Structures are given as structure tokens and as C-alpha cells.
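K.L.:
Annotation comment: TrEMBL describes 13-60, 69-82, 89-126, 149-162 as compositional bias 'Basic and acidic residues'. The feature compositional bias 'Acidic residues' is assigned by TrEMBL to 215-230. Look at TrEMBL and you will find 302-330 tagged as domain 'DEAD-box RNA helicase Q'. The domain 'Helicase ATP-binding' annotation in TrEMBL covers 333-464. The annotation region 'Disordered' is assigned in TrEMBL to 1-171, 206-230. Among the features that TrEMBL reports, motif 'Q motif' is placed at 302-330.
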Amino acid sequence: MEDSEKKRHRHREKSDRDRNRDRERERERRRYEREKSSRDQERERERERRREKSSDSERERRRKRRRRERDDDYKERDREKGPVTVRKKSGDDETEKTENKTREQRKLDEELKRKKQELEREKRGEGNLAAKVGKAWTLDRESDDDEVKFDTEMDVDRKEVGDPISDDEIDPLDAFMNSMVLPEVEKLSNAAGVLNKDKKDGLSDKALGKILPGEDSDSDYGDFENDQENIEDDEEFMKRVKKPKAEKLSIVDHSKIDYKPFRKNFYIQVKEIARMTPEQVAAYRKELELKLHGKDVPKPVKTWHQTGLTSKILETIKKLNYEKPMPIQAQALPTIMSGRDCIGIAKTGSGKTLAFVLPMLRHIKDQPPVVSGDGPIGLIMAPTRELVQQIHSDIRKFAKVLGIRCVPVYGGSGVAQQISELKRGTEIVVCTPGRMIDVLCTSGGKITNLHRVTYLVLDEADSMPEHYEAELEINEFPQNARRKVIQKETLGQISERTGAAITARGQFFPPGRIPAPGERKLYLFIEGPTEISVKRAKAELKLVLEDFSHQALQLPGGNQPGRYQVL
């Protein structure tokens with residue numbers, strides 16, 4: 001009797017040592033993954049800083065080049081006007097005066113023609129230049145596999161709005177400048193035949209509220225005139241950020257959808273497990289410190305080969321040096337492999353991820369392959385993007401061997417690659433709820449769908465509802481400030497520092513237009529795991545918006561008294 005007790009005691013001590021060793025190994029592995037992820041993020045931030053520095057240098061070179069060209073132009077004008085003055089004083093013949101007038105007439109005609117072209121471009125929203133911008137990935141665009149037809153989109157927009165002149169996308173600053181430019185252009189047209197008034201030739205462009213290439217400005221407006229790659233009017237801006245009218249998921253009538261049957265029971269109990277008596281099963285569960293609720297729960301397994309997983313998965317497990325299932329894996333694997341729903345509660349680092357990932361892989365391999373246009377088979381939802389990245393990293397170790405694709409979908413990162421991979425088709429999607437809802441609501445649900453989802457996981461489901469949200473309306477800010485604040489560089493940096501996801505929603509409404517029911521003015525939606533992260537993100541966004549707005553109001557024609565009360 002004493003020998004039996006000693007054996008059990010030694011066996012228990014050995015199990016404790018093995019369990020502690022496994023836990024330590026798991027902690028070391030997770031710590032290594034976190035350090036690797038941190039190094040990768042630091043390298044990415046360094047590359048981003050180098051790109052920004054290179055972009056700033058290029059912008060400075062262009063600005064200096066324009067300044068030199070402007071100075072050369074002034075010198076050329078001085079040289080041309082100098083001899084004319086001498087000839088006037090010396091009383092030369094009328095032939096020279098006629099040539100001078102002809103030259104002045106030609107310059108004035110060219111100036112008038114250029115100004116009229118600029119006005120026409122502003123009225124059209126510069127639609128003829130928007131096509132050269134290329135594809136800017138947002139939730140509202142198709143993938144880069146499809147050709148974007150800008151002219152068709154603009155025609156559709158005009159049909160929806162009605163009158164092109166009262167376009168929703170006209171910015172208050174543009175309207176203010178147009179109200180000043182049009183009368184001045186008419187005056188210039190009427191005075192085109194009068195050449196003895198030389199002062200009109202040098203009409204100040206600043207008085208017109210218009211920014212020309214020769215102007216020396218720190219804003220990006222100078223680049224818009226000289227570099228067509230950066231041209232983007234309000235219409236193009238709204239195409240990048242405008243959400244569909246229905247910002248919430250529509251109700252689905254599942255009775256009208258023909259779901260294909262699928263297999264979910266893959267577990268075959270081995271003889272060694274089947275021979276275990278109820279007393280032995282209870283003792284083994286007590287040894288593993290397991291507590292269960294439910295009827296006819298499968299018996300826990302002892303080795304990986306007893307789980308019913310495929311040979312490729314077992315080989316990968318062996319390469320990763322996972323000696324035996326951890327307690328939650330020993331009980332959850334046979335339960336999920338039997339096709340039953342499972343709620344597992346365990347400490348951090350106890351192996352919960354593999355407990356639901358391994359059965360998912362077996363479940364996916366049994367179904368028809370995913371093609372372009374199909375939605376995922378497995379859907380994993382997590383409350384934070386850090387957890388999404390961690391789960392995606394664990395899945396990749398097995399997915400590559402099995403030929404399975406996995407796409408992470410979360411806020412605070414570039415959405416272009418996510419949308420492209422979703423449209424090509426993927427077997428597994430790991431996501432945060434907010435970003436997944438945005439993807440499903442965009443483009444009429446053409447990006448992806450959930451019709452083929454037959455395996456759903458809610459990781460850390462108890463933390464899922466505990467997220468905080470905030471909104472910051474930007475509809476009344478100047479056009480240049482709105483455009484800059486929604487850029488990936490601006491939102492990405494704030495999101496990295498605060499841990500909150502930031503997305504642009506709603507649509508731009510010019511002054512005097514009231515949103516219809518169900519519509520919202522342009523605003524930033526902020527969500528994060530803690531209240532502090534959301535408050536920090538909102539405070540930083542306010543500071544950035546204030547800086548951008550002051551810069552915009554310093555531009556010629558931008559200082560409108562009493563207009564931007566938001567500052």
C-alpha cells in the first residue's frame with residue numbers, strides 16, 4: 001500500500017515537473033514571438049521614417065527648383081521691359097511700340113486662357129486629372145486586380161447628386177475662392193483689348209485667392225499644380241473615405257440561403273482511451289486539474305496521435321517540439337473534433353490557441369477548396385489587434401504546410417493588402433469585430449462574405465464587449481486639414497502610439513446642406529481596448545487637426561473670418 005502511494009506521489013511529481021517544463025517552454029516561445037514581432041515593427045517604422053525623409057527631401061528639391069524658375073522668369077521680364085523703357089524715353093518710332101503691345105497682348109491671352117482652364121477643372125472636380133492618380137486602396141474601392149473606371153464612377157456620382165455645380169464635394173474654401181475669381185476673370189476679359197494699362201498684366205494671383213506654381217508655400221498645394229501624381233480634389237478624397245449608406249450589417253434571412261451540408265465529426269476514439277474506466281477518467285482529469293460541464297463529454301487524450309489529426313499536422317507538431325497535449329488541449333481536442341461546441345477557460349500561455357486551431361485545420365481540409373469570390377471557412381474573432389497578430393502567427397506555422405491561406409483583418413494598418421487577399425479567397429480569417437463589420441458592409445458585400453463559415457471561434461470572448469468608442473467630427477475643418485488627417489501615415493502613427501483603431505466614416509456635407517435620415521457628416525471613429533487609449537487617440541487627433549487647420553488657413557484665400565469656429 002505504501003509502495004503504491006509512493007508511486008502515485010512520484011508520478012504526480014513527475015507530471016508537475018513535466019507540466020511546469022511545458023509551461024516554461026510555452027512562455028519562452030511566446031516571449032520569443034513577441035520579441036520577434038517587436039523587432040519587425042521597429043524595422044518597419046525605420047523604413048517608414050526613411051521613406052518620409054526621402055519624400056521631404058524630394059519635396060524640398062522641387063520647391064527650390066520652382067523658386068529658381070520663378071527668379072529666372074522675373075529676370076527675363078526685367079530684361080524685356082528694360083529696353084522698352086529706354087526706347088520710350090528716347091522717343092523711338094511707333095514700330096517698336098506696336099511689337100511691344102503685341103507681345104503684351106499674347107501674354108495676357110495666355111494668362112486668361114490658363115485661368116479659364118483652371119476654373120473649368122474646379123467646376124468639374126478636376127475629373128480629367130483624377131484618372132491619373134491611380135488606385136488608392138480603401139474599403140470603398142475594388143481590388144487592384146480589377147481596372148478602375150474613374151469616368152464611369154464620376155458619371156454615377158453626378159447622376160446621384162443632380163446638378164454638377166451644387167456638387168456635395170465642393171469645399172468651402174474652393175467656393176470662397178471661386179466667388180472671388182469669377183468676377184476678376186470677367187474684368188480681365190473685358191479689358192483684353194486695352195493694352196495701355198500695364199498694371200493689369202501684373203495682377204496679383206494672391207488677390208484672386210489662387211495658388212500658382214510660383215508661389216512659395218509650405219503646404220502641399222504647390223505640389224498639386226506641378227506634380228499631377230499628387231492631384232486629389234474633394235471628389236477623389238470622398239471616394240477614399242466615404243462609407244456606404246448602411247453602416248450596419250443588414251439582417252440575413254437564413255431560410256432563403258441554401259447552405260451545403262458539411263462534416264464536423266472526425267474523432268475516432270482509440271482503444272487505449274476506450275478501455276479507460278470512469279474512475280480512471282476522473283482521476284486523469286483531476287490530475288490535469290480539469291473541471292467539466294456537459295453531457296457525454298469525450299474522454300481526454302494523452303498523446304497527439306490519439307486526437308485524430310492528419311499526418312502532416314502531427315509532423316509539424318513534432319518539428320515544433322510539442323511533446324504532449326497540455327491540459328486544456330487534452331480535453332478540448334477530442335471535444336471539438338467530435339463536432340461539439342466548446343467553451344474553454346484557461347490561463348494565459350496554457351495552449352488555448354492550438355486547442356481550436358488544430359481541429360479547424362482538419363475541418364477545412366475536409367471541405368471543397370476555396371476559390372476567388374468565396375468567403376472563409378474558419379472565422380476567428382479577437383478583441384484586440386495584438387491578439388489577432390499573435391493568433392495569425394501561430395496559424396502560419398501549420399497553414400503553409402497544409403496549403404491553407406490565412407488573412408488577418410484588423411484596424412490601424414493598411415487595408416489594401418487585406419482586401420486584395422480576401423478577394424482572392426482565403427480559408428481562415430482572423431479579425432477584430434469592428435474592422436470585419438466594415439469589410440462586410442463595404443462595396444455591397446463584394447469583398448467577402450460569410451456563407452461558407454462553418455467553424456467559428458471567439459477568442460477571449462469575455463473581453464469582446466469591453467471596448468471603448470469615440471467620435472470626432474471633421475466635416476467643418478478646412479479641406480487640406482481633412483485630407484491630411486485621414487492619410488495612412490497620420491492615422492497609423494497615432495494608432496501605434498495609443499493602441500486604438502481609427503477609421504474615417506460618413507460623408508462630406510457642404511455648408512447649408514443637412515444630412516438625410518441615416519446619413520452622417522464626415523467623422524473619425526475611434527475604438528480601443530481601454531478608455532485611456534481612446535482618450536489619448538482623440539486628444540492627439542485634435543492636436544493634429546488644429547495644426548493642419550492653422551496651416552490651411554495661412555494659405556492665400558484661406559483666412560475667412562468667423563468661418564472655422566471649430567478652431
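Here, residue 1 is simply the first one shown, and the rest follow in order.
Just so you know, glycine gets a Cβ as well, placed from its N, Cα and C.
I'd like to know what surrounds each of these features in this structure.
P.N.:
Broken down by DSSP into helix, strand and coil, the compositional bias 'Basic and acidic residues' (13-60) contains 48 helix, 0 strand, 0 coil.
Counting residues 6+ beyond its ends, the domain 'DEAD-box RNA helicase Q' (302-330) has Cβ neighbours under 8 Å at 18-19, 22, 25-26, 266-268, 270, 272-273, 284, 288-290, 337, 344, 346, 350-352, 354-355, 358, 361-362, 365, 397-398, 401-402 in the same chain.
Confidence annotation: the domain 'Helicase ATP-binding' (333-464) carries a mean pLDDT of 89 in the model.
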